[in-house]
Amino acid sequence: MVIAPKTDHGMRALFKCKDGFELRGENTTLCQYGEWVGASATCIEVYCPFPGYVENGRVMLVGSMGIYDYRPYVKKITNNKQIMYECEKNFVLSSGPPGATCIGGHWSPSELPKCTPGQHPRIRSKREARLRRLRRRNKRALSGQNSQAMRKQMTKSDKDKDKNNAIDTKDGRRNQQTEEEDILMGAIGPTGKKGKNGKKKFGRKKSTPCEEIPDEPQIEIIIEKPGKDDNVTYSNGVVVKINCSEGYQSNLGTDEAAKCMRGRWKPVKPACVIPPCVVPLLSHGSYVLPSNASDVEIQHNETIHASCIEGFIIQGPPSLSCSFGQWTAPSLPECFPAPCSLPEISNGHYTSGYRAGLTIGNGSTVTFQCDNEYVPSTFAPIECFLGILLPRNPGCKRDPHLYVAGSDMVRRGEIGAIDDLSGLRGSCSPPSRVSGSLVYKNGVLLQDKEKNFPDGTEVTFNCVGSIMGESISWRIACVDGQWIGRSLSCEDIQNSIAAVAKDNTSCIFANNEPNVLGYLGDKQIREENVEFAADTVLMFRCIDIGKYQMTGSKTRKCVNGEWDGDKATCFGLNQENDYAFEKPPTILLRHQLGPIAQSNDGKLIVYPGTILHMECLWIRRFGTPKWNISHEYRKYPEGWTSDPGRDAQLEYRLSIFHATKDDSGTYTCITPTRHTHSIEVVVKAVHCPPLPSRWNLIYSSTDTRLNTEVNCSCEHGNSLIGAPQLLCLPSGNWSYPVPSCESIECPDLSNLSDPNLRAAILSRHVGGQVLFSCTQGFGLSGPSQATCLPTGEWAQPFPSCSGVQACSYPGTVINGKMSAVKFYYSIGEEVTFTCYPDKIMEGSPTIRCLKNAKWSSSVPLCLSSYSLRRNNTNLGAAPAG
């Protein structure tokens with residue numbers, strides 16, 4: 001982003017990159033004489049490197065679909081990605097962090113943890129005490145207390161066998177448990193397998209198989225390697241790949257496999273999922289995405305709506321729906337510059353065949369002429385720029401240089417003279433002097449000694465050193481001994497002009513404050529530097545009243561060339577600052593069963609009956625915030641959110657169910673650190689005016705509620721003049737005037753610059769064509785036709801007609817061929833004719849283009865021998881006798 005509080009000469013602008021990007025180049029630039037000097041800086045995305053290996057452990061990367069084993073070949077780890085440390089079996093984290101976050105190309109915290117062996121304490125028991133307890137239990141069993149337990153008599157061979165089956169414990173002591181103890185206590189016998197030292201080992205519990213992969217139509221399961229248990233399909237160690245049918249994709253990635261390890265699929269359980277759609281780029285426009293969608297991907301069965309910025313109109317489908325990873329529309333929307341409609345010119349008319357009501361394309365220009373005694377408001381051509389005619393409001397005004405009887409004050413006027421009046425009427429005495437002026441008698445500077453002012457003399461007063469640089473003058477005339485005209489004061493005139501000029505001075509608004517939206521009425525100010533007339537009032541709010549807090553004036557007025565009040569600025573709250581304790585809390589706004597909108601003055605407009613959730617963000621383990629309401633209309637439920645997909649450790653919610661007018665008020669969230677953020681809620685049934693019925697205009701909806709979007713289109717291929725999409729604003733007005741459907745036409749070509757060029761217009765509508773030709777004796781140079789473009793202009797360039805420099809096509813030879821076929825042939829060029837093998841030529845085989853643009857002879861004939869003999873016979877026959 002670029003931070004430039006002021007853009008005057010000598011001011012500096014600061015370059016700043018977003019989180020996860022690094023600035024390359026100078027971080028400042030200097031404004032010199034209206035241009036920024038110095039090379040522009042660039043923001044390069046930075047990635048975190050592999051943090052290193054953990055001894056007796058591993059590093060796990062937290063992804064969008066699970067946790068993956070992080071390997072060094074994974075290079076591009078972007079900002080805010082997280083990793084977790086995990087120790088191997090029989091090891092535990094003894095010191096160090098459990099994970100880290102990628103911040104600005106570095107892992108935080110940077111140190112690696114340590115994994116140490118995890119040992120359980122030995123269970124120590126006195127063997128003698130255990131044996132005594134066992135003997136007492138056996139005695140009770142033999143005495144009849146437990147008829148089901150039978151003591152087994154041990155023979156010598158049994159004792160020897162028991163001795164051989166004695167088990168070594170870890171500390172080297174012998175386990176002297178007898179067979180009778182085994183019977184009563186249920187000891188586990190040996191498996192019969194031998195270890196490396198020849199001793200028998202006890203059996204282990206079999207590994208648990210992994211969860212079954214459902215047999216679905218869209219998935220094909222391929223077992224790359226069977227598991228350890230042949231009787232179980234997904235036993236421990238099995239390696240599985242899957243193929244997905246069209247419209248699905250594997251959650252494992254391309255050519256990746258999953259393995260069953262200790263009853264769990266690694267990295268994830270194989271499945272075929274519906275892929276998302278990638279949001280396409282829209283130059284000069286944007287998309288309205290679903291609330292739960294990311295900026296780059298849209299899930300299956302979701303819809304996005306396209307809209308163009310001011311000055312552009314949409315062509316193509318206004319909405320796109322995602323279906324199995326593909327957009328359902330046959331083409332993508334595009335934003336094209338809006339055309340302009342020509343207004344009526346009072347006391348004048350357009351030239352070149354244009355008339356009021358016609359439409360011209362973006363970048364096209366037209367001129368107009370005024371009637372007698374009128375002059376144009378501008379001498380520059382009228383240009384269409386993004387749907388707006390520049391200069392604005394062209395017209396014809398009365399010529400100010402025409403003399404109007406009775407005027408006694410002239411601005412920027414020439415000092416003229418009135419012809420002397422003849423006759424014998426009386427003269428006038430010298431006129432009174434006016435301070436700060438020069439006096440002229442009939443156009444000549446008046447001398448102090450001048451005493452003679454006969455009838456008809458004109459005296460002109462010119463004020464010296466006008467504040468505004470204007471020539472202020474007035475006249476008086478001598479008529480039959482009396483001065484006719486008003487005598488004024490230069491000082492009073494200059495003060496009044498200065499006051500009027502100062503009161504009418506416009507203001508420049510620099511729209512360079514980030515996260516601040518400025519409005520003139522309902523129109524958002526999008527230009528960087530805009531000039532506004534005196535007394536203009538602008539309104540400001542933050543781009544999101546829940547995520548930003550504004551300081552400065554909400555409204556500012558242009559007074560004497562300056563904006564009153566303080567400049568509005570918006571700063572981010574705790575969500576933008578990693579939930580810092582010293583920042584006010586962010587409030588997220590969610591709604592159901594009705595629309596909400598943020599007004600131009602920073603209020604939240606809620607339609608009656610809507611369910612509104614306001615979620616104050618605060619880390620739960622550091623305390624609980626509380627809500628303060630400006631009224632006591634009713635008790636509102638509040639608490640940590642428990643909705644699916646929401647964060648119960650961060651979002652403390654207050655809900656307004658089925659809002660009514662009495663719910664209007666200020667809702668303030670107060671954190672445990674006493675920082676506050678407020679939302680002013682206004683419950684109001686906002687409706688925009690009904691949409692009028694217009695010729696060939698189609699509306700996607702007739703609803704007029706708050707925040708309703710209406711897409712407009714035309715029938716029968718007519719062009720839409722105006723905005724393609726309307727939005728009902730919180731003010732109760734539509735975001736743009738209702739458009740209309742008109743047919744764009746290209747201008748008439750009756751007055752071409754080339755007098756020898758002729759144009760035959762087939763159609764002036766978009767897609768129509770005009771055919772060009774030249775007068776006799778001239779050759780056409782350039783394209784022979786042009787097409788009417790959607791901009792309302794004929795395709796360029798037009799052809800031209802050259803002098804007598806070419807011959808036209810001579811004609812076609814029947815039963816033969818010619819050496820060159822062209823529309824025009826240059827002077828001196830020859831064309832040779834040949835006949836087919838069974839034909840005979842009659843005439844000259846070669847003709848030449850002469851200087852008079854005529855051929856030297858006609859095209860020859862190719863005849864059969866029979867036809868040639870018959871022609872010769874007819875020509876040579878004579879009457880007998």
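Cβ atoms here come from the backbone N, Cα and C positions, even for glycine.
Taken from TrEMBL, the feature compositional bias 'Basic and acidic residues' applies to 155-177. The feature compositional bias 'Basic residues' is assigned by TrEMBL to 193-207. Annotation comment: TrEMBL describes Cys308-Cys335, Cys463-Cys490, Cys714-Cys741, Cys774-Cys801, Cys835-Cys862 as disulfide bond. Here TrEMBL flags 1-45, 46-117, 270-337, 426-492, 686-743, 744-803, 805-864 as domain 'Sushi'. The region 'Disordered' annotation in TrEMBL covers 136-211.
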Minimum Cα separation from Cys835 (disulfide bond), reported as the residue among disulfide-bonded residues Cys308, Cys335, Cys490, Cys714, Cys801 that achieves it: Cys801
Long-range Cβ neighbours of the domain 'Sushi' (1-45) (under 8 Å; 6 or more residues past either end): 78-80, 103-105, 510, 512, 514, 529
Spatial separation of Cys714 (disulfide bond) from Cys308 (disulfide bond) - C-alpha basis, Å: 17
Residue among disulfide-bonded residues Cys335, Cys463, Cys862 with Cα closest to the Cα of Cys801 (disulfide bond): Cys862
Helix, strand and coil totals (DSSP H, G, I; E, B; other) for the domain 'Sushi' (686-743): 0 helix, 22 strand, 36 coil
Euclidean distance between Cα atoms of Cys862 (disulfide bond) and Cys774 (disulfide bond), Å: 32
Lowest local Cβ density among Cys308, Cys862, which the record lists as disulfide-bonded residues, within 10 Å: Cys862
Among Cys335, Cys463, Cys490, Cys862, which are recorded as disulfide-bonded residues, the nearest neighbour of Cys714 (disulfide bond) by Cα: Cys335
Separation of alpha carbons, Cys862 (disulfide bond) and Cys490 (disulfide bond) (Å): 99
Which listed residue (Cys463, Cys714, Cys774) has most other Cβ within 10 Å, given these are disulfide-bonded residues: Cys463
Three-state composition of the domain 'Sushi' (46-117), taking helix and strand from DSSP: 0 helix, 34 strand, 38 coil
From disulfide-bonded residues Cys463, Cys741, Cys862, the one whose Cα lies nearest Cys335 (disulfide bond): Cys741
Residues that sit under 8 angstroms from Cys741 (disulfide bond) by C-beta distance, when 6+ apart in the chain: Arg694, Trp695, Asn696, Leu697, Cys714, Glu715, Asn718, Ser719, Leu720, Ile721
PLDDT averaged over every residue in the domain 'Sushi' (1-45): 83
Other CB atoms within 10 A, centred on Cys335 (disulfide bond): 21
Rounded to the nearest Å - Cα separation of Cys463 (disulfide bond) and Cys862 (disulfide bond): 95
Local Cβ density at Cys801 (disulfide bond) - other Cβ atoms counted within 10 Å: 20
